[in-house]
Amino acid sequence: MASTNSQDMVCGSVTFRDVAVDFSQEEWACLDATQKVLYRNIMLETYSNLVAVVGSCISKPDLIVLLEQEKEPWMAVNEETGRPSPDLEADYDAENISPQNRIYNRKFSKQSIKQLSRTFDPKGSWFSNGPNYSTFHGLRDCQSDAGQQITNKEGVPPHTCQTLAHNTEKPYECKECGKCFGCRSTLTQHQSVHTGEKPYECKECGKAFRLPQQLTRHQKCHSGEKPFSHNEGRQAFQHPNLLKYPKAIHTGAKAFACRECGKSFNRVSSLVEHGLIHADVKPYECNECGKAFKRHRSFVRHQKIHSGERPFQCKDCGKGFIVLAHLTRHQSSHSEEKPFECEECGKKFRTARHLVKHQRIHSGEKPFECNVCGSAFRLQLYLSEHQKTHMEEKYLECNVCGKAFRLQVYLSEHLKTHTEENPFKCKLCGSAFPNKYQLNKHLTVHTDGKPYQCKECGKCFRQRSKLTEHESIHTGKKPFQCEECGKFFRLNTLLIHHQKSHSGERPFECKECGKAFLLPSQLNSHKIVHTSKRPFECKVCGKSFKRESNLIQHGAVHAGVKSYECSECGKGFIHRSSLFHHRKIHSDEKPFKCQECGKAFVVLAYLIQHQSIHTGEKPFECELCGSAFRCRSQLNKHLRIHTDVKLFQCVED
């Protein structure tokens, strides 16, 4: 729940009027059905976000009441004067008031236009980056220095409300997603989103774009054209939308400060959105899994995970994505184009973002600092991993059975087992479950548990995502590249694990010997070394092992199966690692060199074993007779003397 301080942060200084936009009846009539629904959703979300931060110290505006009742918002008028509520500063022409239907000839003042622009500004509003922003973007075209006039539909000039007055009929429907459009050309442009087609190519650098206006805007980067100038700072900009942001530099307009952390903002809407971070309020909860979100757009994006909807598909590998931006980022992995080159070392990158991260290696810049201990890191990823070392585990305990959980979501799901609240029933066997996620998980029992089969090798999986990961083994594609060393990986999780090796951070330490590890799984695997237990015994020779994986590897020795064959000489090997080491013999690659005598080895383990000759160290001792040996293989051969084990029998007597 939000603290009192976080509520006081904006209470008394921020009102709903600061971030709202109103429409009169004639303005409302100019919007089509889609824009009306969009406006209603935006205003309701704006109010809910404001309440989440401020709390109960603001009253519900009449506009919100009308929108919740799905009534027309222009009905919120002052009955005494017959004029709209004075929420936006506007000048009215009294002679043009129609007493019959209260339609006004409304002339927007500069202040009202600024209010409209500020609320729907691309950088100032928390809903501006969502999928609906481009639909509403046409409202900003009505801005003017002198003001613009919007009259009723009978007396409006053809050009005045051109961006607002759209035909309510939308006969052209997209077959992919069902979205409708008023013009065929608009539909054609939209369809390129699904096809991924980019017919407009830049002759300078070869970069392709979906729309001609995107190409035109991009070409200004090469020409250096900046037609929109700012007088006060004598700065020039390539796009008119960028013109208004530097004005805040000269006016000192960062008037809205957060009382929690002191961060300042140019707009109230940005402050309200930032306040949600301190408030820790997540009003949007998923009915499927119980996960909660602070923002509506994050909630909508999350729901596509459960529905399986991935409308944006890659033409090269067939992989689907929920968001277009993810597809665009993924497509760069297929192209070998790397236009961004480091001036220091000449290394090239696909995106400017990756180049900036790489340049921090040369500059030594570490902008991400830990608030607890002051340690600095080059990447946000390294800081996030480091901060986990300071976090204490906080468990939420069930009052009924005492079971503990890390997250409130998991505890809430668990409590349903005690209340017997299981609304989701299986139609095949009648079993009931507290949520749809567990029901879907149960349904795999009826489909032999693994409904997703690989067409290449026939292997089955319980989840589609696991099948997709597995299929990358057959394709051989490794789209995820490490920025530090250039190594490629099949999966993003493998890349993340690998990147930790560059940071040098090993937060998981063994309490027995002090050895540190990158991952908790590596620490758990290491702990077996300190135990004397060897629970996994070979039924053929009686040899015991600490790990089951070692027993499986050992079993291949008795089976005599050598499934890994060298393509150079035809020699077979039981283990893949043995084949990998053997291949270095053909390549004459011996990277591990002894500093004492200069002898080189294919494998690091061979070098370590060789170095014991110079040191005279014999760490492997026989427990029965006390004999010591340089390597474990010599000890194993010696132990057969005491056990009298004779593994190899002559077939011909």
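Glycine residues also receive a Cβ, built from the backbone N, Cα and C atoms like all the rest.
Features as listed in Swiss-Prot:
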DOMAIN    14-86  domain 'KRAB'
ZN_FING   172-194  zinc finger
ZN_FING   200-222  zinc finger
ZN_FING   256-278  zinc finger
ZN_FING   340-362  zinc finger
ZN_FING   368-390  zinc finger
ZN_FING   396-418  zinc finger
ZN_FING   424-446  zinc finger
ZN_FING   480-502  zinc finger
ZN_FING   508-530  zinc finger
ZN_FING   564-586  zinc finger
ZN_FING   592-614  zinc finger
ZN_FING   620-642  zinc finger
Maximum Cβ pairs under 8 Å to the zinc finger (480-502) - stretch from the list 200-222, 340-362, 396-418, 592-614, 620-642: 340-362
Chain residues outside the zinc finger (396-418) and at least six past its termini with a C-beta under 8 angstroms from it: 289-292, 434-435
Within-chain partners of the zinc finger (508-530) [C-beta distance under 8 Å, separation at least 6 from its ends]: 497, 500-501, 546-547
Taken over the zinc finger (480-502), the model's mean pLDDT: 80
